[in-house]
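Listed features, source TrEMBL:
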type	residues	note
BINDING	B:ARG214, B:239-240, B:253-257, B:270-277, B:ASN291	FAD binding site
DOMAIN	B:2-189	domain 'Electron transfer flavoprotein alpha/beta-subunit N-terminal'
Amino acid sequence: MTRVLVCVKRVPDSSGEVVLTDDGQAVDGRYAGFTISDHENCAVELGIRLADATGGSVTVLTVGPAEAVDQLRAALALGAGAAVHVQADPARLGPDDVAHEIAAVVRDHRAAGAAYDLVLLGNDASDSGDFQVPVRLGYRLGLPIVTGASTAEVTGDRVIAEADGPEGRETYSVPLPAVVSVLEGGVEPRYPTMRGRMAARKIEVETRQPTREPVGPSRVRLLLPPPAPATAEVLGEGPEAAPAVVDLFERLGVGR
Amino acid sequence: MILVLVETADGAAAEVSLETLALARALAAEGGGVPVQAVVVGEVPDPAALAEELGEHGVAEVHQATGDGVAAFGGAAWAAAVQEAREATGSVVVTAAGSVRGNEVLAHLAARLQVPMAANVTAFSGLAPFVVTRQVVGGAALEEMRLDQRPAVFTVAGHAWQAAVAPTGPATWHTFAPDVAPADLVASVVSVAEKEPDTSDSLRSARVVVGAGRGAGGPDGFAPVAELAELLGGAVGVSRVVTSLGWRPHHEQVGQTGSRITPDLYVPCGISGAIQHWAGCASSKTILAINTDPDAPMMTKATYAVVGDMHEVVPAIVAELRRRRTGVEC
Ligand SMILES: Cc1cc2nc3c(=O)[nH]c(=O)nc-3n(C[C@H](O)[C@H](O)[C@H](O)COP(=O)(O)OP(=O)(O)OC[C@H]3O[C@@H](n4cnc5c(N)ncnc54)[C@H](O)[C@@H]3O)c2cc1C
């Protein structure tokens, strides 16, 4: 009966061209659209699997603008059973602010008799790339933290998580409750079903306000790297380019 | 004092740690020549050799944390050791490589000290206020960030700086047994699986590297790439997407969180050329990119480009090479 909280962040889709807002404080995602990071897609998947395996439940949480409810609905459609939305402007929040707000939700739910066994997050958000919200959350809650796990299983009152370390695949065995940050690659995220989408619409999202004035991200500004001039000489198109390529190998004297 | 967490591999300093030392020395010079010290956590086979190597890279003193508390890796336990070293040295800056370990341990340190942390820094500008530039949005944008509090805690993006020697003579070696609280030992590694044979040394020293990314399409898409690499007497290198998806082992990864390669020729196939990948291959003498998208960053930054499907182009190159070698069609 593992009760899992999965934290997701609405981020601009950065697979195409990245545009900044006029004040240089954020990425303008209005044209590219919004999503959650791949690591978080895997965290949602892991959370649902863990809950299913133990007859437990998944709650999904986001700290973000009003529109971030889209990302909550997407996770609900996959099988999360409840959602919490802390409404805040992400450009004004630093990693410690986010950890603080998540911790406040965890404590309040615990006080209301709905304690979580496991909090899952992505290892790093694809926009701010701070690599620290999970760790700061663990310290705020006084819980053990495993970072960069690609798989996790609950056995008894422990979570067994695996992560790739410099010396090989590492296993952690940590007593619950715990905080685990997830790295993509260990599980294949599922797709929503029509039934899941319909069910998700009926779930009421718990909406909250931040519990403190944010410290902020210490950001001076964002910059785009200067565009690199195109310098490549095109040798050809398709398989017909092969002779020109091998001519090049011969000129460079490689492969002899 | 600037304190650098140095990671080791087979007893030698990791390349990314030496790169971090290069940035630390530049920062030390900017600060009027403050000493750079290193903290090493866990056992090392030959401290004298490591002291000599780190001395070559400008380290005055090494603080080695030893004992049961840090015998197995744990983010909190290692951070406790770094925290003790930083207190003992009175360091105002603590930095590490933007590696898996570096980002994790310094995140713990920053949380314990309740100071900000900047991940994946590529440059710094100005000391008062201390402003760093770091990679955000997967490298598509940069952020200038203030680090007002002391110690300033940050990690350095892999291969953003180049390791360079700056000899000061062998570093002085101190060992200490950090006081690790039981709570800090709860999330430590309990076992490590035997790693598959690591070929990253031959990748780093290869004269030719044939690369493959998401464009390979799946674990079965690498045979022509491997064949071309073999014909050219080279090695296979891959993007992080490929290792994340488990198509190829991590030790074949090129880039910021993989190897930095320096071949005469690099042939990236189906690799878009994200900044983190570029960080590992920018020192290649010649780059021949093969990609369906003529506007992919790798295609514009390369020396030569072939527009096309790698599943057609690479086998055609292999066939042409064989034909010229044997003089027969195959
Ligand atoms: C902190 C951090 C560290 C990172 N470290 C690394 C690192 O060390 N190394 C690394 O590589 N990445 C790293 N990345 C990831 C990096 O940002 C990119 O996501 C990754 O390099 C993309 O891999 P790719 O080029 O294979 O995939 P994509 O970006 O998806 O590109 C695939 C390319 O293949 C082309 N293509 C598709 N089909 C074909 C075909 N049939 N024939 C030819 N071309 C085709 C497409 O046009 C496209 O250009 C890191 C990211 C972060 C945030």
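Please read every residue number as a count from 1 along the shown chain.
Cβ from N, Cα, C; glycine included.
TrEMBL: automatically predicted annotations, no manual curation.
When Cβ neighbours within 10 Å are tallied across all protein chains shown, the highest count among the binding-site residues B:ARG214, B:HIS277 belongs to B:HIS277.
Residues belonging to the domain 'Electron transfer flavoprotein alpha/beta-subunit N-terminal' (B:2-189) score a mean pLDDT of 96 in the model. Sequence-distant neighbours of B:ALA274 (FAD binding site): residues of the same chain at least 6 apart with a C-beta under 8 Å from its C-beta are B:GLY138, B:GLY139, B:SER239, B:GLY255, B:PRO297. Sequence-distant contacts (6 or more apart, same chain, Cβ under 8 Å) of B:GLN256 (FAD binding site) comprise B:GLY98, B:ASN120, B:ALA157, B:GLY158, B:HIS159, B:ALA160, B:ILE275, B:GLN276, B:HIS277, B:ALA279, B:GLY280.
Of all the binding-site residues listed (B:GLN253, B:ILE271), B:GLN253 has the fewest other CB atoms within 10 A of its CB.
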